[in-house]
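Taken from TrEMBL, the feature domain 'Bardet-Biedl syndrome 1 N-terminal' covers 23-144. Look at TrEMBL and you will find 389-491 tagged as domain 'Bardet-Biedl syndrome 1 protein GAE'.
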Amino acid sequence: MAAASSSDCDSGRAESNEASSKWLDAHYDPMANIHTFSACLALADLHGDGEYKLVVGDLGPGGQHPCLKVLKGPTVLTETPLPALPAAAATFLMEQHEPRTPALALASGPCVYVYKNLRPYFKFSLPQLPPNPLELDLWNQAKEMSLPSVPVFLEVSGQFDVEFRLAAACRDGNIYILRRDSRRPKYCIELSAQPVGLVRVHKVLVVGSTQESLHGFTHKGKKLWTVQMPAAILTMNLLEQRSRGLQAVMAGLANGEVRIYHDKALLNVIRTPDAVTSLCFGRYGREDNTLIMTTRGAGLIIKILKRTAVFVEAGGEAGPPAAQAMKLSVPRKTRLYVDQTLREREAGTAMHRTFQTDLYLLRLRAARAYVQALESSLNPVSVTTREPLKLHAVVQGLGPTFKLTLHLQNTSAARPILGLLVCFLYNEVLYALPRAFFKVPLLVPGLSYPLETFVESLNDKGISDIIKVLVLREGQSAPLLSAHINMPVSEGLAAT
C-alpha cells in the first residue's frame with residue numbers, strides 16, 4: 001500500500017510539473033466571489049483598444065443577487081445587477097464602420113439584454129415582443145425546426161445563408177442533428193447517459209456524459225472513440241491555439257483536474273486547488289492564449305500558455321492505434337492484373353535472371369565511374385591518407401565581376417599540410433582571373449581556410465561556362481582533388 005501511494009504521488013507530481021512547464025500562473029484568488037459556468041463566460045475587446053476583457057454572468061452566492069461583471073486582469077471594472085439568473089453570454093459585431101467594437105448579449109430569465117460600451121442598449125423579451133421585421137423570415141424558418149425534447153447544449157457550424165448544421169443535446173439523453181433545409185432532426189445520437197457538455201472540434205462532436213466519459217461522434221452519428229475519465233465531468237469547453245492550428249477539448253473534473261484532449265489523446269493535465277466549474281480560453285488583456293477558470297468555491301484562476309509550449313500527443317489511452325481498426329479499401333482484381341500474375345508464374349525464373357543481370361551491370365558501371373573519379377581526382381574530398389583534404393567553393397555576385405571563395409580544410413587529426421598549389425582552368429574567351437595559380441599556406445588540422453579571388457566575365461551575351469579548380473602538390477602533375485564550378489550568367493553591366 002505504501003509503494004502504491006508513493007507511485008501515485010510521483011505520477012501526480014510528474015503531471016503537475018508537466019502542466020507548470022506549459023502554463024504560467026498569472027493570478028489565483030480563492031475569494032474572487034465568482035459563481036458561474038462556462039456558457040456565461042466571454043472574452044471580447046469591448047472598447048476597441050486591443051485590451052480584451054472578461055465578461056461574467058455571475059449567478060451570485062446561492063443563486064441570489066445575480067449580476068453582470070466585467071474584469072480587466074484580476075480587477076472587476078463594472079458590476080451591474082441582473083433581474084434574473086443569467087443563462088448564457090456572447091459577443092457579436094453589430095456595426096460595419098470602424099472601429100468595430102463588439103456588443104454583448106446576455107440571456108437572463110425570459111429576456112436577452114444587449115449591451116454596447118457596457119451600457120444597456122436593447123432588451124429583447126421572448127414571449128411579449130414580436131421579432132424585428134427584418135428577422136421575421138429567419139425566425140419563421142427556425143420555428144419550423146422542432147425537437148422531441150428540451151435542448152440543453154447547442155453547437156452550430158456553417159453559415160445560415162449557405163449551409164449549416166445544428167447539434168442539440170437534449171434532456172432525453174439524445175443528440176439531434178439538423179441541417180438547413182430539415183424541419184425534423186436528420187440524425188439522432190442515442191447516449192447511454194445524460195450529457196454534461198457538448199463541444200465541436202473540427203468535424204467531431206465531443207460529448208461528455210454523466211458516466212465519467214468522453215465520446216467522439218461524426219455529424220452523421222457514427223461513434224469514433226470513447227475515453228474514460230478518472231472523475232465526474234463538471235464542465236467542458238474548446239481550446240483553440242490559432243498560432244499552431246490546434247483545436248482540443250478541455251474537461252474540468254470533480255477531482256480538481258483539467259484535462260485537455262485532442263481526439264482521444266491526452267495532451268495535458270492541470271491540477272487546481274479546487275474543482276473547476278467553468279472554463280474559457282482565448283485572448284485576455286494582450287495575451288493570445290489565456291486560460292480562465294472559476295472554481296466551486298467561487299475562486300478565479302488565470303493561466304497563460306507559454307509561447308514555446310507544444311502539446312505532444314503522448315499521453316493517450318493505451319491500446320492499438322486507431323488506424324489498426326480501419327478497413328483497407330482493396331480494389332477489385334482486373335483482367336490485366338490476372339494476366340500479369342499468370343505471366344509472372346510461368347516466366348518467373350527468366351524474369352529473375354534478367355533482373356540479376358541488370359543489377360550486376362549497374363554495379364559494374366558504378367564501380368567503373370568510382371574508379372575513374374579516384375584516378376582523375378574529380379571528387380571534392382581526397383581519398384589519400386597522406387593529404388586528407390576537403391574543398392568547397394562559393395560564388396558571390398551578380399556580374400560581371402564575381403567573387404570566388406574556396407574553403408580548403410585539412411581533415412587529418414594532428415598533422416599539418418604544407419606545399420600545396422591551387423590552379424584554375426577556364427575559358428579565357430569568357431573569363432579573366434587576376435590569379436589563376438597561387439600557393440596555399442600551411443593548413444592546420446580542423447580549420448577551414450578561405451581562399452578568395454575574383455572572376456571577370458568578358459561576355460555580355462548571357463553565356464556561362466565551367467571553371468575547374470585543381471589542388472596539387474609541388475612536384476606532382478596529378479591533382480589531389482578537384483572541383484567543377486558552374487558559373488552563373490552575368491546579370492550586371494560592365495562599367496564603361
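All residue numbers here begin at 1 and follow the chain in the order shown.
The backbone N, Cα and C atoms fix where each Cβ goes, and this holds for glycine too.
Mean pLDDT, taken over the domain 'Bardet-Biedl syndrome 1 N-terminal' (23-144), works out to 81 on the 0 to 100 scale. Under DSSP, residues within the domain 'Bardet-Biedl syndrome 1 N-terminal' (23-144) fall into helix, strand and coil as 18 helix, 57 strand, 47 coil. Here the domain 'Bardet-Biedl syndrome 1 protein GAE' (389-491) is broken down by DSSP into helix, strand and coil counts: 0 helix, 57 strand, 46 coil.
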